[in-house]
Amino acid sequence: MVFSSLIFVFVFLPLAILLYYISPKILRNFVLFVVSLIFYAWGEPVYIVIMIFSTLFDYVNGVLIDKYRSHKSITKTIFINSIIINLGILGFFKYYGFVVDNINTIFNLNIHVETLPLPIGISFYTFQTMSYVIDVYLGKVPAQRNIISFGTYVTMFPQLVAGPIVKYSDIDKQLQDRKVTLDRFGEGMELFIRGLALKVLLANNIGLLWTSVKTTSMSELTILTAWLGIIAFAFQIYFDFRGYSAMAQGLGKMFGFDFPENFNYPYISKSVTEFWRRWHISLGSWFREYVYIPLGGNRAGLLKQLRNLFIVWFLTGLWHGASWNFVVWGLYFGLFVTLEKLFLLKWLNNRMRVIAHVYTLIIVLIGWVFFEFDNLSVAISYIGIMFGFNQSAFLDNNTLYYLTTNFMLFCILAICSTPFPQKALIYIREKLKLPGAICIPIFYVILVVLSTAYLVNDTYNPFLYFRF
Amino acid sequence: MNQYEKIYKRTLACMLSLFIGGMFSINILTSNKLFSDSENRNLEQLPKFSIQNLLEKQYTPSYEKYISDQFAFRDFWISMKSDIDRTIGKKENNGVYIGKSGFLLQKFNKPEDQDVKSKIEAINVFHLANPNVQQHIMLVPTAISILENKLPNYVSQVNEVTYIDKVKKSLNKEINFIDVYPILSSKKNEYIYYKTDHHWTTKGAYYAYLELSKNMKFTPNPIESFNIKNITNSFYGSLYSKAGFRHIDPDSIEIYEPMEAIKYKVEYVDEDKTSRSLYEMNNIKKKDKYTVFFNGNHPLVKITTENTNGKKLLVVKDSYANALLPFLLSHFSEIHIIDLRYYNDNLNMFIQKNKIDQMLLLYNANTFFEDSSITDLSE
């Protein structure tokens, strides 16, 4: 079940909230746990077993590490065992086919494997349970002895399928005690509806343009169409993901949790480094905290730092999918982050801001080409078209058609990529006082009404007698 | 937090809960519908739960479909969506363009070269197998080619006419290709295609009939000899359903009744039914009003007229022919109409048995390039 569906918004959500709010405080974790299991089982009636196993396994590991705290070697064994099993499960489901394919290519073999479909959310919840075991091992947090509380943390449906990746230390206290008030519920609703609108009204809509460009044969693309296409994709993936994260945060708030921000207007960044501080923040900070810093970070000399950067960006890429193009995409960003650390950032700081913005956007857009095409040579010829290496025309009728029919949408998307709309809403609300406090909610009602129209339309499926 | 912020959050909480909770309740309270008129299909009903269904991942998708199919005010939401799309400048939906002056135009999909080849091959082979039958073929361009000026600005579509020409060039020279593009194009300011349907109007078919008469060498009946009857002004056709755009004017349907009517008999052979009329007027009350012509499509229809010239015509066709066939009655003694999509018997045998002397293959370009049953000709 995805958040942006009729069944979630108009059936699951009202029922879950009703159940949660009428339950006494002491039962609320349990209610949330059960509701989350139902949510997951809805999409993965079989693979739910894996999630439950992960939960139980790391619950036990946490308790054992705590119990044998004084025996270094025992805790270390438990810890390493836990990491191996967690990564093993993730690796098996996500990277098994990929690894076998590569072995086949390298050794010219023909091993055939049946790859299993990827369990929903496994990349996210594995990282969450791992963060817990690591933090307990390092003594940063006490072990959670209540299985319900721990289960709630791992399976909590708001962030289960697409993040943000909530570190155990972020919500340790909230699991025991959290405030559920009407005000916070309102904040949660605001975030949820905003996220829904971003996903349904913006991301899905501009996605149509990208689909259309992507399916055009390369020989028919013009320079401008190629740019429009990848810009459309950049907007699509951003609003899709940001929308989803906002919905998760909003849902979290309705149940009394505060999740960390996942996006902070990445497209207004003035460097690639800044972009990654603003894009998928919870993933970046996870890799920083659990990979980069444990490897020594930047404290062990330049050479080691470069190695660490390489590892982190390699893994960041690979995390996004079991295919080399994601690795290339990760390393590509790693390269620019490294260059910026070495000298580029200094250089950019002494230039006009617009240059830094344009530089960042171009690097990011080219990055999306690597992200979207799993075939590297296709990606490279697409980039070739963007920069006029393929003798493509600059524009044609198709380009103009895309441009005119999506012009308004592009304007809206560009504006919504900046903090401006959010600031404007707050400004109006505060300026108008009481009328503002009543009118802005109406704006949100309009958003949810429009989103509903698009959600219903997604299922519009006329049966036509085209054969008559 | 100042007091206004508090009021704001609470208002927000209440309004949004009211909307979501309201829709939730309405959905529970409204009874399930069985059929959607606007989508012309049965709606999903509450699926039966079983553990097996669940584990095979069949239960939850059906349930989600049930929720969305039964969602309250479904048609209202859909029309709202298409209104927003139009407001922000979108010009197409589901492969249908919304053109100027309310015209809906269906995209022409580029056919596979191999498919085109095998169709041409089939027609040529069929011709060789039936040397005594004079063969004509008419591929009618659809509205998107003729009403180019109605397309949204800058649409660059795959050129249907080049594909039609390609067929024309590759056919055996003894097959007479009837090119209706010039005459239709010269009449493009008249009402020759429906705005909301993928068919041509009776008027469009009449112009094609004039072109046909030149090729088949008979004297066409002049337009003055018909009593033109408007039978409906509220026809919303297939493109209207497909595109989902609302607030579009409906079409009207005309039928051309000859003033000097001749008698004829229509036999729907497979259905074992006969009729004294080409029209099924009851269908004017149905959604798909184009079916007033011949009550839709049939595998085989035989028309016998009181004409004594002894000419026997076989028409192999799609639904475009339905509007044109009525014009042909006064020129033939027998007209046999075959729709290959539903007809399964051998055509060569049919021609011999019925002593056919002329044959017309009539398709609109869309069906011709998309439907594979045309290759059945050579079987």
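The chain as shown is numbered from 1 upward.
Yeah, the Cβs are placed from backbone N, Cα and C, and that goes for glycine too.
Not measured: the values here are computed from a predicted model.
The transmembrane segment annotation in TrEMBL covers A:6-23 (among others). Sequence-distant contacts of the transmembrane segment (A:6-23), counting only residues of its own chain at least 6 positions beyond either end whose CB sits under 8 Å from a CB of the stretch, comprise 31-32, 35, 39, 42, 157, 180, 196, 251, 254-255, 452, 455-456, 459.
Marked as transmembrane segment by TrEMBL: A:30-57 (among others).
TrEMBL lists A:77-97 (among others) with the feature transmembrane segment.
Under the heading transmembrane segment, TrEMBL lists A:109-127 (among others).
Listed by sequence, the residues of this chain that lie at least six past the ends of the transmembrane segment (A:147-170) yet keep a Cβ under 8 A from its Cβ atoms are 2, 16, 29-30, 32-33, 35-37, 39-40, 43, 51, 54-56, 58-59, 62, 120-121, 124-125, 127-129, 131-132, 135, 140-141, 176, 241, 244-245, 247-249, 251-252, 255, 257, 259-262, 280-283, 285-286, 289. The transmembrane segment annotation in TrEMBL covers A:147-170 (among others).
Cβ atoms under 8 Å from those of the transmembrane segment (A:191-210) belong to residues 3-4, 9, 228-230, 232-233, 235-240, 242-251, 253-254, 402, 406, 409-410, 412-413, 416, 444, 447-448, 450-451, 454-455, 458 of the same chain, restricted to positions at least 6 beyond its ends. Among the features that TrEMBL reports, transmembrane segment is placed at A:191-210 (among others).
The annotation transmembrane segment is assigned in TrEMBL to A:222-239 (among others).
Long-range contacts of the transmembrane segment (A:309-332) within the same chain, counting only residues at least 6 positions beyond its ends with a Cβ under 8 Å from a Cβ of the stretch, are 94-95, 97-98, 123, 283-284, 287-288, 291-292, 295, 338, 341, 366-367, 370-371, 373-376, 379. The transmembrane segment annotation in TrEMBL covers A:309-332 (among others).
Per TrEMBL, transmembrane segment is recorded for A:352-371 (among others).
What TrEMBL records for A:376-394 (among others) is transmembrane segment.
According to TrEMBL, the feature transmembrane segment maps to A:400-420 (among others).
For the transmembrane segment (A:432-456), the residues of the chain that approach it from at least six positions outside its boundaries are 4-6, 9, 189-190, 193-194, 196-197, 200-201, 204-205, 425, judged by C-beta separation under 8 angstroms. Annotation source TrEMBL lists transmembrane segment at A:432-456 (among others).
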(request) For the transmembrane segment (A:352-371), could you work out the same-chain residues 6 or more beyond its ends whose Cβ comes under 8 Å from its Cβ atoms? (result) 227, 230-231, 233-234, 237, 266-272, 274-275, 320, 325-326, 328-329, 332-333, 336, 379, 382-383, 386
(message) Cβ pairs under 8 Å only, please: of the recorded stretches A:77-97, A:109-127, A:400-420, which one is richest in them relative to the transmembrane segment (A:222-239)?
(response) A:400-420
(request) Six or more residues out from either end of the transmembrane segment (A:77-97), which same-chain residues have a Cβ under 8 Å from its Cβ atoms? (result) 50, 54, 57-58, 61, 64-65, 68, 113, 115-116, 118-119, 122-123, 126, 129-130, 133-134, 137, 318, 322
